[in-house]
Amino acid sequence: MKKADILVLDFGSQYTQLIARRLREQGVYAEILPFNVSLDEIKAKEPKGIILSGGPASVYANDAYFCDKGVFDLNIPVLGICYGMQLMAHHFGANVAPAGHKEYGKATIDIQNDSDLFKNLPKKQTVWMSHSDKVENLPQGFEVLATSENSPFCVFGDEKRKFFALQFHPEVQHSEFGKSILKNFAKYACNCDSVWNMGSFAKTQAQKIKEEVGNDKVLCAVSGGVDSSVVAALLASAIKDQVVVVFVDNGLLRSGEKEQVEYMFKHTLGIDLISIDAREIFLSRLAGVRDPEQKRKIIGNTFIEVFEEEAKKHKDVKYLAQGTLYTDIIESSVVGASKTIKSHHNVGGLPEKMNLKLIEPLKEIFKDEVRALGMELGLSKDVVYRHPFPGPGLAIRIMGEVNEPSLELLRKADVILIEELKSSGWYDKTWQAFCVLLNVQSVGVMGDNRTYDNAVCVRVVNASDGMTATFSHLPYELLENISRRIINEVNGINRVVYDISSKPPATIEWE
């Protein structure tokens, strides 16, 4: 079992993943586990510290979430955040009740006492609050470390036992010194070394791959995106002669994608590629299907069928490698009190019975860590920093039924969007950009004629790891050019809208 420097117990906060991400950014390996994980499993991870995340519940309610009480008897530091703070207060005998004044948004805290948490940090800080309950009295054995206008016990702690509790969220960017607070907890309270990096990860994973695979061969599914490209490069670095790299044209690709992928693997990566034309089978199975979850399941099942059929042609192929990321695992599973957001075709979309064993060497890392790993493995910047493209492809960018006419419309619009972003210098400034074909027609006028055609949505976002994202504030002139070109050059589209939703509450992809 892989060890973790810091374990984050998830009580359902939308920000839980950010806690792990902020620690990893500073070289500390953090892992997320459900709040009700057994004490034995926690001990097996040999953590140097534990963080209790925020969450939507109230500790005094009948449906409150509680971790094993033994967490506080492990003689290791514990940090409670928001709900985790209230849980700690409740555990040690303090009273938690509904707050007369709810706090959502920015607040100012004043540091009252010296603490490892605030070492080398200003006495007054802006933080991000998101709570409707309050701690009414200080737990026995703790002291107040910081206060805010609405919370006299905003931060409290026990320096001797290294137990700390924060009412605010240090993991979000709005808490100006939040990242430093988490670093201080890891460094000074937990004595963690900042040794987690992609160089060490690459060596460790290569060795694990060799040990797991042995003399068998691995079928590596690639899409041309950064995730699968990095998986292929990592496998090649570990067991090059045992890797069979397969690209499936499922008919759901962007314009020119197949040719780009074939060129990249042959000339940029130097890896032989088997290309399979499976357009007909994918599109026939998707015919008439409108539900996004059903689309994902169909695509996942069909991919496996195609790969298993190909595996039969290659002696000793026993494994299927995929570019599943930590974010995929989180969004496709119920972690702690968190809810399943959507299944991913390479996680929740897999059939229960699969004749190939699954190997997912990237499942412990976030997207930006994948990019860093790609650079570590010697991939080109063009490959590493290409915008993400979902495994189900354009199927989840078409609202409703997927068919060839809709795919062609979407491809043409998408080409124009990317051309405009690149020519204006905005492509490299954004995390992801794509068009969504809406299941909506609208009235328009072109020349002297009435039109009743499709509407397309342009989605461009900024992000660092894909767990959260904000819409890109593109210049109006650029948006106007994108809209004008799509409407004028793509017959069948007469309206373009721009998605200004952030994640959360929206996801990056529409389906």
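Glycine is no exception: its Cβ is also placed from the backbone N, Cα and C atoms.
Given the structure is predicted, the values throughout are model-derived calculations rather than measurements.
According to Swiss-Prot, the protein carries these features:
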type: DOMAIN; residues: 5-195; note: domain 'Glutamine amidotransferase type-1'
type: ACT_SITE; residues: Cys82; note: active site, nucleophile
type: ACT_SITE; residues: His169; note: active site
type: ACT_SITE; residues: Glu171; note: active site
type: DOMAIN; residues: 196-386; note: domain 'GMPS ATP-PPase'
type: BINDING; residues: Ser223, Gly224, Gly225, Val226, Asp227, Ser228, Ser229; note: ATP binding site
Cβ neighbours within 10 Å, counted over all protein chains: which one of the binding-site residues Gly224, Gly225 has the most? Gly224
Highest Cβ count within 10 Å among the binding-site residues Ser223, Ser228, Ser229: which residue is it? Ser229
Considering every residue in the domain 'GMPS ATP-PPase' (196-386), what is the mean pLDDT value? 84
Rounding to whole Å, the Cα atoms of Glu171 (active site) and Cys82 (active site, nucleophile) are apart by 11
Determine which residues of the same chain, besides Ser223, Gly224, Gly225, Val226, Asp227, Ser228, Ser229, have their CB within 8 A of the center of the CB atoms at the recorded ATP site, and list them by sequence. Val222, Val230, Val231, Gly323, Arg386, Phe389
Three-state secondary structure, which DSSP defines for Gly224 (ATP binding site): coil
Per 10 Å Cβ neighbour count, which of the recorded positions Cys82, Val226 ranks highest? Cys82
Whole-number Å value for how far Cys82 (active site, nucleophile) lies from Val226 (ATP binding site) (Cα to Cα): 35
Closest of the binding-site residues to the residue listed as 'active site, nucleophile', Cα to Cα, picking from Gly224, Gly225, Asp227, Ser228, Ser229? Asp227
Take the C-alpha atoms of His169 (active site) and Ser228 (ATP binding site) and report the distance between them in angstrom, rounded. 34
